[in-house]
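Engineer: Please find one structure pasted underneath; my questions will follow.
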Amino acid sequence: MTTRTEADTEAGERAGPPEVPRRLYADPGLPDRVFRGVARSGGGLVLAVMLLVGGFLLYRAWQALSKAGWSFLTTETWEPDAGRFGIAAVIVGTVLIALVAIMVAVPLAVGGALYISEYAPARIRQTLISVVDLMAAVPSVVYGLWGLFFFTSHVAGTARWISTYFGWIPVFSVQGADPDDPLVNATVYASSTLIAGMVVALMVAPIVCSVMREVFSQAPVGEREGAYALGATRWGMIRSVVLPFGKGGMIGGTMLGLGRALGETIGVYLVISPIFAVQWHVLQSGTSSISSLIALRYGEASEFGMSALMAAGLALFLMTLVVNFAASSIVARSRSGASSE
Amino acid sequence: MTTTPVRPKPRTVLPAGLPRPDSAEVGERRRVLVLRRASDVWALLGAAAASISITTLLFTRLLPLSGAVGFWVLAYLLFLGLYALLVSFDESGPAVRDKVAAVVVQSLGLITVVALVFVVVYAVFEGREALPHLNFYHQDMQAAGPLDPLSKGGILHAIVGTLEQITLALAFTVPAGLVCAVFLTEVPGRFARFVRTVVEAMTALPSIVAGLFIYATFILTFGFQRSGFAASLALSVMMLPIIIRASDVVIRLVPGTLREASYALGTSRWRTVWHVVLPTSRSGLTTAVILGTARGVGETSPVLLTAGFTAELNANPLEGPQVSLPLAVFEFVKSPEPTMIARGFGTAAVLMGLVLFLFILARVIGGRAPGRLTKRQEHRRVLASRRDAARFQARDHASKSSSIHGSSE
């Protein structure tokens, strides 16, 4: 190396042959080459498995999709063997359940996260963080049990109240329910989108809360103190420092929760009574979701029915994929982004 | 602060007209830093009492309203309004907003935590009838019908199934996941970026679709039976992206300086990974794996499609249906019999105990930044360092004596 450099300097002084950039090459040696090979093949193996799952899903779904065509998106019934099947009903149900869940979970999660990071006394803060993180790991079947045995029987009164006083809003109206008719029993309000949404909301709230709390707690101390020094109240500081800093993380956490809410199976399956018609009324009994459709019909499906279920699964996968990528691109562009992964 | 010791030499000389700082009437009185004043508490209590009274009046006498939820929603809104009114009597605009926002945030936080804790405590509470029976833990449901009392039958088959399935799934996912995570950070390039994108996309795969994939390939296409092995494959497909992503984040947290120090000593790449990167991120990697395990243990839908259902103990994951804890919960509560439902809640409580155990394990092992040592590890490092020092000293001594010896020769 030394000789090369000297030669180069001399060459430069003499302005002889043109300078060529030195070729940088380090021989990694045999062990390193083996290591790289192993790591690369490990990555390749995982890639192969993942692509296999995606590819197989697409391949099997294609049979059903090519037969159904665009009517796959507009048909409400699910009778694949009769040739009439589509995801219009289930996709509306899935999206409505997820929307109800997010609309309930996000205020709770923001409140919980702000409370833990800004208001809670330092003594109980660590405990609260652990509790919320633990709740995020609780199996969804536990939330389903709560929804099935506790919430369903206690929500009927509230549902009746909402539908009586807010029934003029189309989403809240319930067909077949008359508040003045004492003979109408509570079953018209059971197993509704609202109940499923609430169960999923409680399931995703700790996940969203955990992401948001992490982001809020990273708001820079200097800016917080600057706000206080300018005379801000605590809420003024939160509004002008913590919330703008955590915006990316809040959106990312919400999208993460939305992705989980779209794909949730058992919590929804336990509480709903499935119907295959577009159901806009969130308080009315009967709804459906893609994942519970799969759980319900996989056992009795023929080969073509399986392919149709695959197509439904693919549609669900694409939805969560779009949500996830949107979330990660929003998160990556924000100040608090990198930490909320 | 009033009792600042008087220093002898360099001191501030106060102008003659001002009172001395340690005199009682002006001085620096210690400021009260407590944010909660009596008037705040009274405002809170007053607003609460007034809102409940007004709502009761509205509900029972004045308006045709009814229902507990409506009562509390109206009471809460009235409470906020009255509280703002009371505070505004002696505070200015921003302070009123601050007080009201504090009340709203604290009540939302309280509702969140209470609701979540309630869901979990509810499941354990409802399982209280099944849990004290010892047979619940060492019998299966083969001989117990739906009408049998809780003193007969148990969930041993589900416990065994869960443990075997999760062990198999970990045996697939941990090596593959760790190698892939190491690949993503240590062998960077276009290929690694592509793999990372695909892995990130696969974290969006709904768990039921993972189950459907294994059901369609392993069981329908290849013609195998439903078994614990198929369930563990489905769990692996679901857990692999989660574990890779979490480990990737942890490995990226290893300080670059550590790696560079290792390279500067002339270490090869794989030795750096083996001796520097992996040991540094060990606790974080363990946490990633354990949290992935907790997700996998509680997942019902992939198991529902692939494991089949049986009421008897099947310790062989390769053959015959094998039930797991979440699936057992699901099947128990589908029955209308109260004893079966009690068993379902008991099973859910056992499952949550398992998740809690895994979570505490993750907290004990992990929760430290990369490179931060436990007390015991630090102690071991100190001992090793002392041993090294002694060894060096002995060697120095030996070489010196030998050189003296050599020079004298």
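Each position is counted from 1, following the chain as shown.
Including glycine, each Cβ sits where the backbone N, Cα and C put it.
Just so you know, TrEMBL annotations are computer predictions that nobody has curated.
Heads up, here are the entries from TrEMBL:
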COMPBIAS  B:1-15  compositional bias 'Low complexity'
REGION    B:1-22  region 'Disordered'
TRANSMEM  B:41-63  transmembrane segment
TRANSMEM  B:69-89  transmembrane segment
TRANSMEM  B:101-125  transmembrane segment
DOMAIN    B:159-362  domain 'ABC transmembrane type-1'
TRANSMEM  B:166-185  transmembrane segment
TRANSMEM  B:197-223  transmembrane segment
TRANSMEM  B:229-251  transmembrane segment
TRANSMEM  B:272-294  transmembrane segment
TRANSMEM  B:345-366  transmembrane segment
COMPBIAS  B:385-399  compositional bias 'Basic and acidic residues'
REGION    B:385-409  region 'Disordered'
COMPBIAS  B:400-409  compositional bias 'Low complexity'
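Quick one: where do these features end up spatially?
Structural biologist: Note on the transmembrane segment (B:41-63): residues 70-71, 74-76, 78-79, 82-83, 85-87, 103 of its chain, located 6 or more positions outside it, place their CB under 8 angstroms from a CB of the stretch.
Within the chain carrying the transmembrane segment (B:69-89), a Cβ under 8 angstroms from the stretch's Cβ atoms is held by residues 40, 43-44, 46-48, 50-52, 54-55, 58-59, 95-96, 99-100, 103-104, 107, all 6 or more beyond its ends.
Nonlocal intrachain contacts for the transmembrane segment (B:101-125), taken as residues 6+ away from its ends with a CB within less than 8 angstroms of a stretch CB, comprise 44, 76, 80, 83, 345, 348-349, 352.
For the transmembrane segment (B:166-185), the residues of the chain that approach it from at least six positions outside its boundaries are 192, 195-196, 199, 228-229, 232-233, 235-236, 239-240, 243-244, 247-248, 250-252, 273, 277-278, 285, 289, 292-293, 296-297, 317, judged by C-beta separation under 8 angstroms.
A Cβ distance under 8 Å defines the sequence-distant neighbours of the transmembrane segment (B:229-251), meaning residues of its chain 6+ beyond its ends; these are 164-166, 168-169, 172-174, 176-178, 180-182, 184-186, 196, 199-200, 202-203, 205, 207, 210-211, 213-215, 218-219, 277, 281, 284-285, 287-289, 291-293, 295-296, 299, 302-303, 305-307, 317-318, 322, 324, 370.
Within the chain carrying the transmembrane segment (B:345-366), a Cβ under 8 angstroms from the stretch's Cβ atoms is held by residues 120, 123-124, 126-127, 129-131, 136-137, 155, 158-159, 162, 283-284, 286-287, 290-291, 293-294, 297-298, 325-326, 328-329, 332-333, all 6 or more beyond its ends.
With DSSP classes pooled into helix, strand and coil, the tally for the compositional bias 'Basic and acidic residues' (B:385-399) is 15 helix, 0 strand, 0 coil.
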